[in-house]
Amino acid sequence: MTGFVFNEKPIQIESGDGPYLYDDSGTEYLDMGASYACVPLGHSHEAVDEAVRDQLDDLTYVQASYPNAARTELYEKLAATAPDPIDKTWLCNSGTEANEAALKFARSATGNSKLIATMQGFHGRTMGALATTWKNKYKKMYEPLIGDVEFVPYDDPEELAAAVDDETAGVIVEPVQGEGGINPASTEFLETAREATADVGAALIFDEVQTGMGRTGSLWACEQAGVVPDMITSAKGLGNGFPVGATLCRDWIAENYGSHASTFSGGPVVSAAANATVSTIVEEDLPGHAAEMGDYILTELESAIGDDVREIRGEGLMIGVEVGRGANKALKELALNHGVLALPAGRTVVRLLPPLTIEQEQADAVVAALTDVLAEDDDA
Ligand SMILES: *Cc1c(COP(=O)(O)O)cnc(C)c1O
């Protein structure tokens, strides 16, 4: 269950600084996956760590029914940064929980049960979210999962529109599929999802667990398409490494959320981490920086290895390189020969999700490493 590279290389990661990780022998690694997109500000970010230390001095935990300044600030911050009219938030501890809540809210707010998800989609591994996740490999041995889930091809507006009817509770979609191979949706697909759900009163859920927090070039990826869903789910980068998730929603959802709850919802320490993370991302315009660096890396990769690989695609700092042979061999070479840690996205895609703070020098190092590993790949 552990990492594919470090299964074979018995090292311990001991410290981190910005985009770099260091093992117990002092070897430096460039963390081009931002540890599964969880550290958009890089490792051991001072503003986040200081906010957490300050919060620990005051209060570690208080039950969610007692108001607390850190949690209240996070509700306000998320409402202020979410596209209008989304201004209500339910807090949790992970991406799958954020989606689990969204699926429950879609059912409670509509009174319907049918859920629509997309092929190659990934929404988490608890029973409900897993039922909307595409890959059988993740599901088979745990079945039966929750029922009434229908899958439609990703980025096919017609098939989606045909599937949505007056029995539909909700549609869940990633604006850019992450785990499924870095597949950006067309604006038309997201617009169709909006129109089709609005027509029948179903809830549109954008799973922004991976795309959110500035990664694609705007704070929320849906802003780039100009489509406002009924719910946005967030986690991964939200606390820059601290476990916090959120289900942001419109009033009609919040008014009919049923009786969902979680004991640890929005604890003071993770809220403090999320407040510092969101503030830093907004104040330093890291979404703008992500757009710029993403374009730079895509252009450089295209000219260096565009002819040697099947496809290079992405949005902002969410980049996939489709290689002919399995991605794992390339990832292993990147790590062991170049000290570059990247991620797979399915069997054939090398996925880059660097910290949003990455500088040109580090981008150049990654392009050079990928060029060395992938150029004139035998079976590309
Ligand atoms: C990672 C991911 C999840 C699951 O998040 P966890 O925190 O691992 O539960 C859900 N949706 C998307 C799009 C993800 O990338």
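Placed from the backbone N, Cα and C atoms, the Cβ positions cover glycine too.
Annotated in TrEMBL:
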- Gly95, Thr96, Phe122, Asp207, Glu208, Val209, Gln210, Thr263: pyridoxal 5'-phosphate binding site (BINDING)
- Arg125, Ser262: substrate binding site (BINDING)
- Lys236: N6-(pyridoxal phosphate)lysine (MOD_RES)
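Structure coloured by features recorded in TrEMBL.
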residue : record                              : Cβ contacts under 8 Å, 6 or more apart
Gly95   : pyridoxal 5'-phosphate binding site : His123, Gly124, Asp207, Val209, Gln210, Thr233, Ser234, Ala235, Lys236, Gly245
Thr96   : pyridoxal 5'-phosphate binding site : His123, Gly124, Arg125, Thr126, Ala129, Leu130
Phe122  : pyridoxal 5'-phosphate binding site : Thr133, Trp134, Lys135, Glu174, Gln177, Gly178, Glu179, Gly180
Glu208  : pyridoxal 5'-phosphate binding site : Glu174, Pro175, Trp220, Ala221, Cys222, Ile232, Thr233, Ser234
Thr263  : pyridoxal 5'-phosphate binding site : Gln63, Ala64
Tertiary neighbours of Ser262 (substrate binding site) (same chain, Cβ under 8 Å, six or more apart): Ala64, Cys92, Asn93, Glu97
Listed binding-site residues with Cβ under 6 Å from ligand 1, out of Glu208, Ser262, Thr263: none
Sparsest-packed of the listed binding-site residues (Arg125, Val209, Gln210) - C-beta count within 10 angstroms: Arg125
Longest CA-CA distance among Gly95, Thr96, Phe122, Asp207, Glu208, Val209, Gln210, Thr263, per record bound to pyridoxal 5'-phosphate, angstrom: 26
Collapsed DSSP category at Phe122 (pyridoxal 5'-phosphate binding site): coil
Per DSSP, three-state class assigned to Thr263 (pyridoxal 5'-phosphate binding site): coil
